[in-house]
Every structure is written in structure tokens, then in C-alpha cells.
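Features reported for this protein in TrEMBL:
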BINDING   LYS9, ARG10, LEU11, TRP12, ARG13, ARG134, LEU135, GLY136, TYR137, GLY138, GLY139, GLY140, TYR141, TYR142  ATP binding site
BINDING   GLU60  substrate binding site
Amino acid sequence: MQSPTERAKRLWRRAARTLRALLPEAYRREAEAAIVCNLRALIAAAGVREIGVYAPLPGEVDLSALYRVWEEEGKTLFWPRVERPDAPLAYRPARRSELVPGAYGVWEPPPGPPAALPEVLLVPGLLFSRTGYRLGYGGGYYDRTLSAYSGRAIGVSFAALLFADVPRDPWDVPLREIVTERETLSFPRGANFC
């Protein structure tokens, strides 16, 4: 039997998929361009050279234009790979041209030894909260990864998918920041994580 939180998450996930499907293509393109600018400025200000990125699932913010720029600037992009269903994501450095289809149809780096996690991880999701939490797809991959990560985890979302709060469990890990086309929200460690 599911807990009340799991039932709530299931309903929120269904609603999020519907809401994402209703976002007009023109809004997506304009919002993605603004998110790219916001993230580029944030990462440049931090002087980061190694960035954990993601290959977007349908409906997620597509940062491909930014990845091209970062590769041209000589930054190293680390891509997540699903090694086992119960394990954290394994990040490996790779160029976009080296990615192969992997678990769940997501582009991943080829197999190889895992690398140390980079200083920054960009994190996708279905929904995000103004309190720093994300609601993913329910597989727990990012939850397991973030629970063992001490770096800077940055959620990436359309503003239309940012809510006051989302259902969460005690093991859900808050992000350090969330970037949308309209704003960047920052959450100091230990601030509002009860």
C-alpha cells in the first residue's frame, strides 16, 4: 500500500505531464533561450570548468545550445549514466558526439569507470518548489545521487512548473538553486529543510 505522500506524488506527476504537454512551443523556445542565458551567467560567475549536465527527456528544458557553447569554451561536461536500477547515477566526462542511447531511451556516456562528481550538477525534473525541492519521475536516481553529493546542485525548470511546494519524503534532498527563465532561486544549506 502506498503512503499518502506517494499517492500525492503520483497525482502531481500525472498533472505535471499534462501541464508540460500544454506549454506552447513558442513559450518553450523563448523560455529555453532565457534559461540558457541565466545558466551561462551563473556558471561563468562561479568560474566552474566541470559541469554535470543531462540529456533532456521530452518536455524537459533542452540546454543543447548551452552545451555547444560550453564545449567550445573548453568546459568538461559530465553526463549521467544508469548503471543499476538501485544505484546513484554514474557521471562520466564525454562530448555530446560520444553519447549513446541508454536506459529509458536517454542519451548517456559509453560504459567506463565512473568519474568523481563535478562541482556543479544540473538537475532536471517534472516540477520544482520555491523551497528547493524537485519532483522527478519516481525512479529515485537523482535522489540517490544527490544524497551522496556535496557540491552545487542546480534545478532547471520552466517557471510554469515552479510551485510553492511539492509533495516530498524525508529522503528527498533539496537543491542549492533553481534556474528558470524568470529567476534564479538560491537555498543556503540548512535554511528551510525541516
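Just so you know, glycine gets a Cβ as well, placed from its N, Cα and C.
Those TrEMBL annotations? Automatic predictions, nothing curated.
In the three-state DSSP classification, TYR137 (ATP binding site) falls within coil. Each of the binding-site residues TYR137, TYR141 was assessed for Cβ neighbours inside 10 Å, and the highest tally belongs to TYR141. Note on GLU60 (substrate binding site): other Cβ atoms within 10 Å of its Cβ, all shown chains, come to 17. In the structure shown, the C-beta of LYS9 has more C-beta neighbours within 10 angstroms than that of any other entry among the binding-site residues LYS9, ARG13. Residues near GLY139 (ATP binding site) in space but far in sequence (CB under 8 A, at least 6 apart, same chain), listed by position: PRO85. Cα to Cα, LEU135 (ATP binding site) and GLU60 (substrate binding site) are separated by 13 Å.
Long-range Cβ proximity for LEU11 (ATP binding site), meaning a same-chain Cβ under 8 A and a gap of 6 or more residues, is found for none. Around LEU135 (ATP binding site), a 10 Å sphere centred on its CB holds 21 further CB atoms from the protein chains shown.
Under the three-state DSSP scheme, the residue listed as 'substrate binding site' falls in the coil class. The ATP site in the record is lined by LYS9, ARG10, LEU11, TRP12, ARG13, ARG134, LEU135, GLY136, TYR137, GLY138, GLY139, GLY140, TYR141, TYR142, and its two most distant CA atoms lie 20 Å apart.
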